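The annotation substrate binding site is assigned in TrEMBL to 69, 93, 350. Sequence annotations record features per position, and here TrEMBL assigns active site, proton donor to 105. Residues or ranges marked as site 'Important for catalysis' by TrEMBL: 145. Here TrEMBL flags 189, 220 as NAD(+) binding site.
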Ligand code: GLU
């Protein structure tokens, strides 16, 4: 990760959209500022008996269109400004796929890889307790993000339910299936990315069957994006994770299923059969058709944007491209499918999960898959059309579309008192 401040980038994107759409000054000011920010210090008894204090945040950016919605991230580099940016991006994301949520985000600065399961459980439960007064199924609904998953969601749901005295599955999404999770939620972000890549390829006249794809990051989003893009006929020629990258340009690219098995067994993509090791810099600058950044913020910057060879950049991660890099990519004629569209499949199926929790009516995988496809294709076309209308790139198009939808809701509800 770099020291570029993600909240400043998020504000630049908003300011640019405000300029393009001649946004009313008051509305602009409302959207620049999160509605509520909570920082908590979380004492945890570690396995060796010592007490360690972790800093956590929950940021609620905007709830004009519905309850705050957004994941919780565990990472050593979590900062309040990062969580504020991620919360704002959630507001836009939910508006773009038109689900009735606002935007929020949580994060704890910790190194989950160096903690035991018991320590992580105590951390998650104590954090849930400390934010319990400001969350709820109709108020603020959390979900997984970097280094959190169904296990953490279950602990948080259980803690919240215990505190409130009734089982409350709708307080969090991304839960395990047996306690109210939705079929298809785990793979939703990657599948949504694949649908966007498919739609983008049509616009570029790129045949997915002969397309070469590079994926940075092999966590939840990257893994499933690789899997579904491969199923759609593309060749995945390079991937990386925090321990390094691999490149294999043979016929049909990497065997993704075997690679997932290799990563599960060894904890890294490196060392996969026949693949050559490459650096992160080499990976981003590889000759390919589609680049999928699926790791962290600020990976494509003014320092490397000139060297990106892919025709399309589909942002599975949140905030991987800085505003300066965006300008460079646009000038070079690249199609950037922005994060708030490309990775919105996750929150879309979170919405489906929440609906299932509230109605106690559970859907088939096919229904989730088809509903997600419908939402993603509609959102892609809405963004594409807005970008054409305003003669801007898809990032700006997506921002204008989202800000419009949120501002409409704020105006309809009115400023009270
Ligand atoms: N953390 C994911 C994101 O950034 C999912 C959020 C959700 O499902 O609420 O979109």
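Just so it is clear, glycine is given a Cβ too, placed from its N, Cα and C backbone atoms.
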**OP:** Sorry to bug you, but what's the C-alpha spacing from residue 145 (site 'Important for catalysis') to residue 69 (substrate binding site), rounded to the closest Å?
**Re:** 12
Subject >> Candidates 93, 145, 189, 220, 350, namely the recorded positions, that fall within 10 Å of the residue listed as 'active site, proton donor' by Cα distance >> reply: 145
Subject >> Proximal but sequence-remote residues of the same chain as residue 145 (site 'Important for catalysis') (Cβ under 8 Å, at least 6 apart) >> reply: 70, 71, 72, 73, 86, 105, 106, 107
Subject >> Among 189, 220, 350 [binding-site residues], residue with fewest other Cβ within 10 Å >> reply: 220
**OP:** Could you round the CA separation between residue 350 (substrate binding site) and residue 189 (NAD(+) binding site) to a whole angstrom and send it over?
**Re:** 10
**OP:** Kindly point out which of the recorded positions 105, 220, 350 have a C-beta less than 6 Å from some atom of ligand 1.
**Re:** 350
Subject >> Spatial separation of residue 93 (substrate binding site) from residue 189 (NAD(+) binding site) - C-alpha basis, Å >> reply: 12
Original post:
What other residues of this chain sit with their CB within 8 A of the center of the CB atoms of 69, 93, 350, the recorded substrate site?
Top reply: 70, 90, 94, 99, 101, 103, 141, 143, 344, 346, 347, 348, 351
**OP:** May I ask for the distance between residue 220 (NAD(+) binding site) and residue 93 (substrate binding site), taken between their Cα atoms and rounded to an integer number of Å?
**Re:** 18
